[in-house]
Amino acid sequence: MTSSRVLLTPTLTANVSRAASKGLYSSTSTGTGLRASYVALRPFNSSSRRNFSVSHKAQLDFFPPPRDMPNIKQTPASWPHPEATEQQLKAIQLDHREPRTLSDSIAYNMVRFLRWGTDLATGYRHDPNKPYVMSERKWLVRFIFLETVAGVPGMMAGMLRHFRSLRRMKRDNGWIETMLEDAYNERMHLLTFLKMAEPGRFMKLMILGAQGVFSNGFFLAYLISPKTCHRFVGYLEEEATKTYTYAIEDLESGKLPGWENLEAPEIAVKYWNMPEGKRTMKDLLYYIRADEAKHREIHHTLGNLDQAEDPNPFVSEYKDPSKPHPGKGIEHLKSKGWEREEVI
Ligand SMILES: [Fe+2]
Ligand SMILES: [Fe+2]
């Protein structure tokens, strides 16, 4: 057993004491020699030990104060997050776009295969009819692993479209920025979860391997068929929306007591501009789920467009602005994506 060195910042103290009062504080190491110590998580179940592990950041720098620099006051987010109302966040629905072409089917089956592999690796199961519960630790393992992968497509697509514009000496029509913003948003999800837990050594190795394989695979695939790649990400985001919806359901049905009163990290409060009184883990999951639903809309829409000629409908100005159209926020969210005829 490894004991946690807990640095008690005021927020952490509050979180820890709440967790301790429920008997939820535990610290342990896995059979593979990987640390898995965490605060505000349920007691560790030895029968559910996996190679993937997370250590709670409490030992390191839970909510570290911003560094005081002589000249810089603060560095705001490069892409400020669009505002969303509570009603909009709660209205997000699960949805699925049926594959219509061979390329859609390839993309969908690829996502199903990857989902099966990731579920196996991160010990994820979700069957309400079985007495199996995903613990807080297991959810965090899944979130962290998924978010390290989720940040790849946007950056790769943005980079490849940038290079394409340079070598063909043609305009990009506004796609690059949306792709980079997508990658930035996914990275903010990751950074937020890393304020709650730190991956163990084996998990870090798996993340390295997954990034190596996925980023190279996506790079090649995007050169061959960007349309299939956007559809693929659309399906991936359907799954991400599902993941966060199930986590919210677990939290709301009392299966994750360690998260019930957990406060969202400061990085999240600032990035999503979370209003006072709406800064808990549950609120955070609603914000992140809405982001995934937005990515689902963006990529399904881009998958419907002419990759070389069409402008990016998410940053375009419309001749009739009174008609609902794609934009940065989630006020007119279309979960299956906008059809080409609707927007171009
Ligand atoms: Fe994400
Ligand atoms: Fe996403």
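Please read every residue number as a count from 1 along the shown chain.
A Cβ is built for glycine as well, from the same backbone N, Cα and C atoms used for every other residue.
TrEMBL: automatically predicted annotations, no manual curation.
Around the Cβ of GLU292 (Fe cation 1 binding site), a 10 Å sphere holds 25 further Cβ atoms from the protein chains shown. Residues or ranges marked as Fe cation 1 binding site by TrEMBL: GLU147, GLU186, HIS189, GLU292.
The Fe cation 2 binding site annotation in TrEMBL covers GLU186, GLU237, GLU292, HIS295.
What TrEMBL records for 317-344 is compositional bias 'Basic and acidic residues'. Cβ atoms under 8 Å from those of the compositional bias 'Basic and acidic residues' (317-344) belong to residues 82-84, 88-89, 92-93, 95-97, 234, 241, 290, 293-294, 296-306, 310-311 of the same chain, restricted to positions at least 6 beyond its ends.
Mapped onto DSSP helix, strand and coil, the region 'Disordered' (304-344) counts 4 helix, 0 strand, 37 coil. Taken from TrEMBL, the feature region 'Disordered' covers 304-344.
Annotated transmembrane segment per TrEMBL: 139-160 (among others), in sequence order.
Beyond the transmembrane segment (205-224), the same-chain residues lying 6 or more positions past its ends with a Cβ under 8 Å from any Cβ of the stretch are 51-52, 121, 145, 148-149, 152-153, 156-157, 160, 199, 232. Sequence annotations record features per position, and here TrEMBL assigns transmembrane segment to 205-224 (among others).
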- Pairwise Cα distance for GLU147 (Fe cation 1 binding site)/GLU237 (Fe cation 2 binding site) [Å, integer]: 11
- Spatial neighbours of the transmembrane segment (139-160) far in sequence, C-beta under 8 Å, 6+ residues away: 50, 52-54, 118, 121-124, 175-177, 179-187, 189-190, 193-194, 196-197, 199, 203, 206-207, 210-211, 214-215, 218-219, 222-223, 226, 229-230, 232-233, 236, 240, 243, 247, 250, 256, 295, 299
- Item | Rounded Cα-Cα span from HIS295 (Fe cation 2 binding site) to GLU186 (Fe cation 1 binding site), Å | 10
- Query: For ligand 2, which among the binding-site residues GLU147, HIS189, GLU237, GLU292, HIS295 have a CB under 6 Å from it?
  - Reply: GLU237, GLU292, HIS295
